[in-house]
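S.K.: Can you read through this structure? Questions will come right after.
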Amino acid sequence: MKFGKEFAAQMVQEWQEAYMNYNHLKTILKDVLRSRTLRGAPSPVAAATSHGSLKRRVSLYRAFSGLTGRYRGSPRKSEDEVILVSAVQENGGDEHYQTMFLNASDEGGEKELVFFRSLDGEFNKVINFYKNKVEEVMGEADDLSKQMDALIALRIRVDDPVVGGSNIANLAVPGFSSVSASVVHPPINSTNPGWSRMEVIQEVEMSAEANSEDSNRGTNNENSNTQRKTNGYKKDMKTFRPASLEVLDHVKINVEPETPVSTVKNVISSSKSELSYSKEELRKAEELMTHAFVEFYRKLRLLKSYCFLNQLAFSKIMKKYDKITVRNASKSYLNMVDDSYLGSSDEVTKLMERVEATFIKHFSNGNHRKGMNTLRPKPKKERHRITFSMGFFTGCSAALLIALVVLIHARDILNSEGGPKYMDNIFPLYSLFGFVVLHMLMYSANIYFWKRYRINYAFIFGFKQGTELGYREVLLLASGLSVLALGGVLSNLDMEMDPRTKSFTAITELIPLALLTLVLVIIFCPFNVIYRSSRYFLIHCALHCLFAPLYKVTLPDFFLADQLTSQVQALRNLEFYICYYGWGDFTTRTNICSGSKVFESFYFVVAMIPYWFRFLQCLRRLFEERDSGQAYNGLKYFLIIVAVAARTAYDLRMGMTLKIFAAATSGAATIMATYWDIVVDWGLLQRDSRNPWLRDKLAIPNRSVYFVAMVLNVVLRLAWMQTVLGFRQTPFLHRKALTAIVACLEIIRRGIWNFFRLENEHLNNVGKYRAFKSVPLPFYYEDKRV
């Protein structure tokens with residue numbers, strides 16, 4: 001792989017604009033090479049072609065460049081220097097680097113001058129960004145240090161440990177900071193029984209311990225070693241001072257998980273509460289601090305990677321310049337890079353080492369492997385068995401689908417005597433699985449294209465590293481569910497037509513219910529099988545939707561609620577399950593659902609539930625963020641609720657008045673929703689953007705894709721209005737089948753919407769350099785000066 005592609009692949013995508021623009025500089029060098037070729041200057045490529053063997057022999061006698069890969073030729077005379085690089089101090093105190101090209105008067109030198117000006121601009125951009133980020137992490141490190149002071153003090157207060165025959169709490173004198181010395185303490189849920197008398201480890205004053213080890217060398221007398229260790233332990237006890245408990249007088253704690261009850265309490269009073277000094281409080285504080293350290297360490301790793309990749313990019317581009325121009329400019333420039341803040345700063349490396357030591361000591365019980373596995377989770381591996389299983393189930397699904405079509409056509413089931421009854425009663429039961437499978441297929445396609453265009457969907461959704469599902473896993477689940485559903489349909493029809501099993505009517509009709517029960521059991525299965533973390537994440541988001549106004553709204557929550565708005569027909573089919581098996585005679589395929597007032601009432605309610613979730617989420621965000629855009633978004637969903645209610649009433653009651661009202665509300669809702677999709681959610685139709693009528697930044701190079709997507713969104717939105725447009729039944733399709741097709745079109749529209757919605761969110765993160773999630777901390781300092 002060429003360096004340019006590898007460089008782009010390893011970038012922190014949200015920081016891509018802060019990296020050196022390698023492709024731009026490479027384009028300038030191509031112009032330099034083209035200019036030299038037109039002037040008849042010797043091309044290094046041509047020389048390599050014509051004198052390949054000679055170059056190979058001569059290279060054996062070239063000065064060794066070193067194992068570090070840095071260019072290190074023999075000393076050059078001053079007259080051979082091509083550039084002079086200097087640091088220039090601006091009036092505001094900021095320092096920037098400027099390169100003087102000494103051969104600008106040469107023929108074609110103006111293009112090389114443009115290269116060095118662009119190179120300086122890129123380097124100053126990189127170093128300024130790096131400095132700002134280092135300042136940020138150093139400030140966050142100070143905040144985490146204060147949090148650790150409070151956590152260690154809380155540990156001492158809760159556990160009341162014993163060291164040297166006395167309680168540590170009695171040794172904790174005011175004014176003594178835990179930075180100078182602290183107690184090694186296991187997590188609150190540690191099962192190690194040996195922590196009643198905790199081991200004391202000095203964090204700063206290690207010189208005494210080192211001297212003690214030196215004095216122990218050279219002697220093999222066991223008694224003297226034992227005596228020396230005892231004296232050393234007593235000496236440590238004299239110098240040991242635990243963390244000060246005084247810090248607990250200045251902090252409040254906020255470790256309560258967000259629940260509907262806690263939300264109501266926070267509305268009434270402050271979310272910060274006084275310390276209760278309980279073990280449960282300590283455990284929750286440790287969990288929050290563990291998460292904070294993991295996220296902070298991830299930030300340090302990405303910052304270190306940013307520094308290394310940019311240094312490597314400058315090295316590559318300068319060596320490419322030397323190769324094209326046959327000059328020796330890279331040595332001077334790379335020496336400057338090494339001496340600059342980008343190359344000489346070691347704050348991030350030292351801070352990483354400090355974080356590792358602190359985390360292993362305080363949160364991993366001194367277990368280095370366990371601590372590092374938590375700080376550096378292993379990347380997800382692609383497994384061949386996933387691909388094989390996906391292909392196997394996909395093939396089975398295709399075979400079952402063909403068999404089903406052949407069976408229906410050969411037996412002429414739809415035109416038979418029991419055809420209408422089958423479509424009214426059995427088809428809605430099985431079509432539920434079809435809607436879910438189609439939605440999963442669209443989601444797998446979303447994941448594939450998000451990865452292809454480097455959209456960081458895992459970060460946007462907040463997936464834990466290594467647990468996010470790839471498109472292969474989603475396809476595997478979709479194909480597996482389709483095998484179960486199609487197998488159920490075929491077995492149902494086969495048992496019904498076979499004279500030997502025709503009498504087993506109850507078993508035949510219970511197959512759909514058995515399938516639904518199996519799917520629900522898998523979703524709520526507590527065992528670590530079939531992607532438990534992803535299932536629990538889905539359940540977690542569903543609960544947040546269910547109690548929408550009582551939970552803080554995050555992107556996964558409202559994204560799931562948006563998906564549910566496209567699954568209204570699936571929710572109605574779930575309602576039909578309850579009615580069909582609860583109040584109907586399913587053995588004879590008869591039900592009283594269509595004539596039931598209760599069923600009709602819930603038929604209204606079920607269709608409006610997803611939009612009601614989104615409406616409440618908009619109100620919660622309006623209350624918290626004070627964003628007027630959420631008020632307009634909530635108005636949109638309220639208008640859709642009215643339109644859905646009007647359409648449902650017209651679908652059940654008919655009548656010209658209802659038709660006019662349903663058409664008016666549906667038209668208004670469609671216009672507003674389409675505008676919101678394209679302009680707000682996708683960020684398109686910007687008149688003054690660099691890409692006319694799109695937006696400035698695009699993930700897909702082919703701009704026509706966006707115009708096609710906008711047209712498809714409008715067309716598929718119109719399919720949403722089919723109920724009030726009069727297309728209720730066709731001569732060759734049953735009404736239930738037509739409803740299912742329209743529902744599938746809405747799911748396809750939602751799949752298209754998903755890609756561009758997350759693309760816009762990703763590009764917003766890129767514009768704001770937002771590569772990390774904010775992490776809540778357990779302790780709140782009332783006085784910021786403490």
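Using N, Cα and C of the backbone, Cβ positions are placed for all residues, glycine too.
Pulled these features from TrEMBL for this protein:
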type	residues	note
DOMAIN	1-335	domain 'SPX'
COILED	127-154	coiled coil
REGION	207-235	region 'Disordered'
COMPBIAS	217-230	compositional bias 'Polar residues'
TRANSMEM	386-409	transmembrane segment
TRANSMEM	429-450	transmembrane segment
TRANSMEM	471-490	transmembrane segment
TRANSMEM	510-531	transmembrane segment
DOMAIN	594-786	domain 'EXS'
TRANSMEM	598-614	transmembrane segment
TRANSMEM	634-650	transmembrane segment
TRANSMEM	662-685	transmembrane segment
TRANSMEM	705-727	transmembrane segment
S.K.: Calculate the per-residue pLDDT averaged over the coiled coil (127-154) and state the result as an integer.
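M.R.: The answer is 92, the mean pLDDT of the model over that range.
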S.K.: Give residue numbers and ranges for long-range contacts of the transmembrane segment (429-450): same chain, 6 or more residues beyond its ends, CB-CB under 8 A.
M.R.: 457, 469-472, 474-475, 477-478, 481-482, 484-485, 488-489, 512-513, 515-516, 519, 563, 566-567, 569-570, 573-574, 576-577, 580, 736, 740, 743-744, 747-748, 750-751, 754-755, 758-759
S.K.: Apart from its near flanks, which chain residues at least 6 from the ends of the coiled coil (127-154) lie with a Cβ under 8 angstroms of it?
M.R.: 15, 18, 94, 97, 172, 177-179, 182-183, 185, 242-248, 251, 275, 277, 281-282, 285-286, 289, 292-293, 296, 299-300, 303, 306-307, 310, 340-342, 345, 347-348, 351, 358, 362, 769, 777-779, 781, 786
S.K.: Cβ under 8 Å, sequence separation of at least 6 from the ends of the transmembrane segment (471-490): give me the contacting residues as numbers and ranges.
M.R.: 382, 386-387, 389-390, 393-394, 396-397, 400-401, 403-404, 407, 430, 433-434, 436-437, 440-441, 443-445, 447-448, 451, 511-512, 514-515, 518-519, 530-531
S.K.: Six or more residues out from either end of the transmembrane segment (386-409), which same-chain residues have a Cβ under 8 Å from its Cβ atoms?
M.R.: 472-473, 475-476, 479-480, 482-483, 486-487, 489-490, 493
